[in-house]
Structures are given as structure tokens and as C-alpha cells.
Amino acid sequence: MPACAQLCLLSAFGTNTCTPTDKACICTNPIFQGNVTACVATTCTIPESLVTRNVSLTTCGAPVRSHGQEYVVLSNTMIIIAAVFVAIRFFFKATVSRMDFGYDDWCVLATLIAASPSAVITVFGTVKHGLGQDIWTLTPEEITEMLKWFYVMATLYFTQVTLLKLTLIFFYIRVFPAKEVQRLLWATVLFVVLFGVVFDIVAIFQCRPIHYFWTKWDGLHKGTCMDTNAIAAANAAISIALDFWMLGIPLWQLWGLKLHWKKKVAVALMFCLGTFVTIVSILRLQSLVHFAQSSNASWEFYSVSVWSTIEICVGIMCACLPTLRLLVVKLFPILGGSSARSRNKYYNYGSGNELNNVGASQSKRSQHHDIVVSSPRSGVFDAGDGITVKTSYTVQHSKSDTDEASLVSHEEKSTPGNRV
């Protein structure tokens, strides 16, 4: 025990609250403990105070808390599952459906690549040096290393969140071609990119000098830092607001689509699965309350790290769900119902076959190659200055929402020089 703490103990014994041989009193009497704690806080350095607390709790038989290995298992499991989801997504689009890769595919891959270092850092950086344990059980070197790696993970987190949101927005850009929606979505892209760049810069340079982030804990170094709580809370709040905004856009478009209400519900549920990530973000926001001012950083930072890992990995999985649905329907057509038989294009995520413009005229629909045309019915009529040929076709769009056939009339009026 440090010399400063020994003096504090002698001073506390002088109050006759507890005797040196009464271990039960020393360990449980709040007045005695309060006197010692107040004295240590004013006469010892922070490292000495931590050593004193560790010796006291060990002597009194307090249990040693450690959740580090639980976090390692969680982190490794989540990143592996997320990687499997992304691999299936790319495999399906490259070999089964022959779909073109879009910006959303590359963004989800970039998100996985950005999340992978965090999984490695969790094992060999933060947890190895004490994350998930009480700070007084760690050596000064372990505390510094743990905070250094946490700083790296926090910066990576801001990048991961940005890429994950871009993945979802580019998905919407692919499937909602209406001009007004496209402008709205591209404006959202610009905002999200700006959001990510700003918070990455703030995260990197939040302390002067930068290393003060992981050395300030001991009170022996000089420097300044921004309000870390304010930075984390602002990022989480804006991120949650963006999640609701990004959910509102597809639901708004879905309302105007000519879908059976049951299919509208099914599509809406698919989009709403992304709200699970929002729920995780809200839970993470709760864990941020006062975390930067905690005197037990290695313990308090644990919950923030766990929720951050869950948020990113679950987000990657949710972004891959539409493609996984196509794979499941491909393997088990009965699960797709009528939509599987008609290859409902509203579910055909990533195929390049866009959703119809809400309110757009039928003449402006995208052309598809899988149209079945019945035998035409033709009629010839005298138009005075020429002959009008009127041909009716029964056209069935195999990728339409319903299996109803559309009657399309095509009129060709020949010029006088090209009479039939």
C-alpha cells in the first residue's frame, strides 16, 4: 500500500471508529471508509489511489469483476456472422441471380472491412489490456494501452456508421427511381458523408495533444480535450434521427405502390427490420451517459463497446436481408408464395429492376425482357388518307406485383406513301 494511504489509515484509526484488528469494521463501516477515501483523494495521486483501492478490496475479499472474455466471444461471433451474410450476398448476386453489383454492395463490403479491425482490436487491444474489468485491478501501463485502443475503436466506429448508412441509402436509390425521391436520397448521401467526415475529424483531434486522450487518466499529464460526452451524444442523436429519416422514405414510397395490402405489410416489415439497429443505437446512447467522466473507465467503456459492436454487425446483417430473402425463396419456392411465382420485382433487391415511379404514367415504365405476349389480334380500317392498322396484344409482366394481364393497344397509322 502506498505511503500516503498508510498515513490516511492511521489518521482514520485515530477517530476510534474502528480498531486496526477489527477487519469487519474496516471493510463495512461507512464512516471509516469515508474518512479514508477523502484523505486518499487529497493526499495521493490517481495511480496511488487505484492501488490503495485494489489492496483494500482484495483484503476485504471483494469479488473481482471481469467481462472481457464475454465481449471477445460476442465480438468474434458477430463479425463472423456479418461476414457470412456479406459473402452470401455477393455469392448470390454473382453466381445465382447474375445481378450487377451496385454502390450499396460495395458500401456494405466496406463496412465489413472497416469493422474487422475493431474485432481484432477487441481481442488484442482493449480486452487484453483490461476492458471489462475494474480499473483499480489494472496496472498503469494496462490502463494507458486500453484507452489508446479504445480511442482507435471510437474513430473506426464513426467511419463504420457512415458506411452502413450509405449502404441503405444506395439501396433506396437503386429501387426508388422517382426523380423527387432520387434528389432527396442524393441530398441525404451528401449529408451522411459530411456527418461522417466531421465526426471522424472531431474524434481524431478531440484532445491536444492527441495522446492526451489516453494519458489524462492519471492526472500527471497536461493537455485539453473537448467534451467527449457531448461528442458521443451528438453523434448518437444525429445517427438515430437519420435512421428514422431513412426509414420514412421507403415507407412513404411504399404507400403509393400498387401492391396488395398484404404485400405492402411484408415489404414494410422488411424495411422496418432496420429499425432494430435504431433500437440498438438508442440503447447505446443510454450507455453513453456520463461515461467519459467515469472514474472506472475500463468498466464503464465496456457497455459502450458492446453496443457499438452489436449496432454495426446487426446493421450489416439487416442490409443483406433482402438478398438473403431472394436466396431462401430460390431454394424453397413455396416460402415465396405468389410473389415467388411472379418474381415480384418490388422484392428484387439489387437486380437493377427498379420499383415503378409512384404516380408515374404507364408509358414511362422500365422495360423488361421477361414479358409474355399472346397472339396479336389485328384489324384494318380505312382512314381516308391511308390505312390504320390497330393491333391489340395481351401482355403479362412476369415481374409485376399481380398476375393480372394488361391490355395494351398499339396503333400504327401508315403514311399515304406507305399504304398497306
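The backbone N, Cα and C atoms fix where each Cβ goes, glycine too.
In this structure, Asp22 (heme binding site) belongs to neither helix nor strand by DSSP; it is coil. For Asp22 (heme binding site), no same-chain residue that is 6 or more apart in sequence has a Cβ closer than 8 Å to its Cβ. What TrEMBL records for Asp22 is heme binding site.
In the structure as shown, the Cβ atom of Cys4 (disulfide bond) sits within 10 Å of 16 other Cβ atoms. Positions annotated as disulfide bond by TrEMBL: Cys4-Cys44 (among others).
Per TrEMBL, disulfide bond is recorded for Cys8-Cys39 (among others). Shown in sequence order, Asn35, Val36, Cys39, Val40, Thr43, Cys44 are the residues of the chain, 6+ apart in sequence, with a C-beta less than 8 angstroms from the C-beta of Cys8 (disulfide bond).
Around the Cβ of Cys18 (disulfide bond), the same chain contributes Ala12, Cys25, Ile26, Asn29, Phe32, each under 8 angstroms and 6 or more positions distant in sequence. Annotated disulfide bond per TrEMBL: Cys18-Cys25 (among others), in sequence order.
Annotation note: Cys27 (disulfide bond) sits in a helical segment as assigned by DSSP. Under the heading disulfide bond, TrEMBL lists Cys27-Cys60 (among others).
Residues or ranges marked as domain 'CFEM' by TrEMBL: 1-87.
What TrEMBL records for 395-420 is region 'Disordered'.
Feature annotation from TrEMBL assigns signal peptide to 1-18.
Long-range contacts of the transmembrane segment (71-92) within the same chain, counting only residues at least 6 positions beyond its ends with a Cβ under 8 Å from a Cβ of the stretch, are 101, 105, 108-109, 112, 115-116, 118-119, 122-123, 127, 131-132, 302, 305-306, 309-310, 312-314, 316-317, 320, 323-324, 326-327, 330. Under the heading transmembrane segment, TrEMBL lists 71-92 (among others).
Per TrEMBL, transmembrane segment is recorded for 104-127 (among others). For the transmembrane segment (104-127), the list of distant contacts is 68-69, 71-72, 75-76, 78-79, 82-83, 86, 89-90, 93, 145-146, 148-150, 152-153, 156-157, 159-160, 163-164, 166-168, 170-171, 173-174, 301, 305, 309, 312-313, 315-316, 319-320, 350: same-chain residues at least six beyond its ends, Cβ to Cβ under 8 Å.
Residues or ranges marked as transmembrane segment in TrEMBL: 147-172 (among others).
The transmembrane segment annotation in TrEMBL covers 184-205 (among others). Taking Cβ pairs closer than 8 Å, the transmembrane segment (184-205) reaches residues 154-155, 158-159, 161-163, 165-166, 169-170, 172-173, 176, 226, 231, 235, 238, 242, 245-246, 249 in its own chain, all 6 or more past its ends.
Look at TrEMBL and you will find 230-253 (among others) tagged as transmembrane segment.
If you look up TrEMBL, you'll see 265-285 (among others) marked as transmembrane segment.
Annotated transmembrane segment per TrEMBL: 305-328 (among others), in sequence order.
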Cys4 (disulfide bond) and Cys60 (disulfide bond), distance between Cα atoms, whole Å: 20
Long-range neighbours of the transmembrane segment (147-172), counting only residues six or more past its ends (CB under 8 A): 102-104, 107-108, 110-111, 114-115, 117-118, 121-122, 125-126, 129, 131, 181, 185, 188-189, 192-193, 195-197, 199-200, 203-204, 211, 213-215, 217, 235, 239, 242-243, 246, 249-250, 274, 277, 297, 301, 305, 308, 311-312, 315-316, 319, 322, 349-350
Those residues of the chain, 6+ apart, with a Cβ under 8 Å from that of Cys27 (disulfide bond): Ser56, Thr59, Cys60, Gly61
